[in-house]
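According to Swiss-Prot, the feature domain 'Response regulatory' maps to 10-124, an assignment based on sequence analysis. Taken from Swiss-Prot, the feature 4-aspartylphosphate applies to D59, supported by sequence analysis. Sequence annotations record features per position, and here Swiss-Prot assigns domain 'Sigma-54 factor interaction' to 147-376 based on sequence analysis. As annotated by Swiss-Prot, ATP binding site applies to 175-182, 238-247, with the evidence given as sequence analysis. The annotation DNA-binding region is assigned in Swiss-Prot to 425-444 on the grounds of similarity to another entry.
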Amino acid sequence: MESAQDNQGRILLVDDESAILRTFRYCLEDEGYSVATANSAAQAETLLQRQVFDLCFLDLRLGEDNGLDVLAQMRIQAPWMRVVIVTAHSAIDTAVDAIQAGAADYLVKPCSPDQLRLATAKQLEVRQLSARLEALEGEIRKPKDGLDSHSPAMMAVLETARQVAITDANILILGESGTGKGELARAIHGWSKRARKACVTINCPSLNAELMESELFGHTRGAFTGASESTLGRVSQADGGTLFLDEIGDFPLTLQPKLLRFIQDKEYERVGDPVTRRADVRILAATNLNLEEMVRESRFREDLLYRLNVITLHLPPLRERSEDILILADRFLARFVKEYSRPARGFSDEARTALLNYRWPGNIRELRNVVERASIICPQERVEISHLGMGEQPAGSAPRVGAALSLDELERAHIGAVLAASDTLDQAAKTLGIDASTLYRKRKQYNL
């Protein structure tokens, strides 16, 4: 089957009047379009089997053939093709029926060359926009970093995720920091029937209860100090789509009843506004915390947990996905050498062995950071162990069996692991329980 041209649309004309076909063809070919003609439904069907068309002008009166039946067959045979109905004044009602059946527009005979050219340009522009949208949706559905896996454990998780994505069930994603929980959430949205709507993310640890309520549900002007203008809130932004609650274990306990009510009833009020609103939102949540333990300690509501974990997905850590380590490393390297215009083209055997032997406490995020650094500092085609910044005993890896480590060595390993698993220095300092200035001194001390 031939491919449609990229720059000039391929057009099919279907009419049982040869004079109409000839006039339309000359007009469109003068504009540079590639045009094929058919004087019957059978001829049109044959052409559609052999070629790809972007646009069809279809006469509703095709001798003994019913134009609506031909349209229905075209929608099956070439669903991407735009179809414009050509009709007489007396059949406008039928043309309206055709639009309801899937036609893009209609022209009334006799039509001028300008009308034909305008209709063609309009429909081909829509076709190009549709093709771009399909390409973007294809990108959304492509496996992201860490989701294109050869690990049986990870493949099982992804299979379940694809199966439940088409439902509206709430999903709780569990896994260590850096395992790709956010990427999986966005992939689930992309695989779902809500993919054309927004996927809105809230990072729960970043907001206190008051700010979280405003961020989630919105507020009116003057609702609190500093509220100089009204905001819609993330729930409203996600209407028809997906709301992803990242690190749900840090969601303020005092606000959990309002979140529970929204999940149950799809109803909420903006801060400072008594009007009850509704939003159709699918909830995805993720955490690296043990929510069941938090429930036992009265730090998380049990009823909210039950609402969130209709489906639970457990992402395995990278150390349990050894099949994926080198694949991911190669992919990251290819990306970063292109981004930074660096010479590296692969890893030495020693570097590959080191990558496989490392425990990756920071998981995929840490691997990405290590490879990015290596791609920048490596001056040659092969990345060596020295470029990885790992050495024989990488910071944060498990202690060597039988080796006695000093307190300084243990501290260096621990700080290195936390740094690798953190997006920012402030986040790492918070995890370590020290201030940023202390962390800065420790990094200098241990050359991290």
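Even glycines carry a Cβ here, placed using N, Cα and C.
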Between G178 (ATP binding site) and the residue listed as '4-aspartylphosphate', the C-alpha gap once rounded to whole angstrom: 58
Per DSSP, three-state class assigned to G178 (ATP binding site): coil
Three-state composition of the domain 'Response regulatory' (10-124), taking helix and strand from DSSP: 58 helix, 29 strand, 28 coil
Fewest other C-beta atoms within 10 angstroms, as judged across D59, D239, which are the recorded positions: D239
Integer Å distance between the CA atoms belonging to D59 (4-aspartylphosphate) and T242 (ATP binding site): 43
Fewest other C-beta atoms within 10 angstroms, as judged across G175, G178, which are the binding-site residues: G175
The residue listed as '4-aspartylphosphate' and G175 (ATP binding site), Cα-Cα, nearest whole angstrom: 59
D239 (ATP binding site) to the residue listed as '4-aspartylphosphate' - Cα separation in whole Å: 41
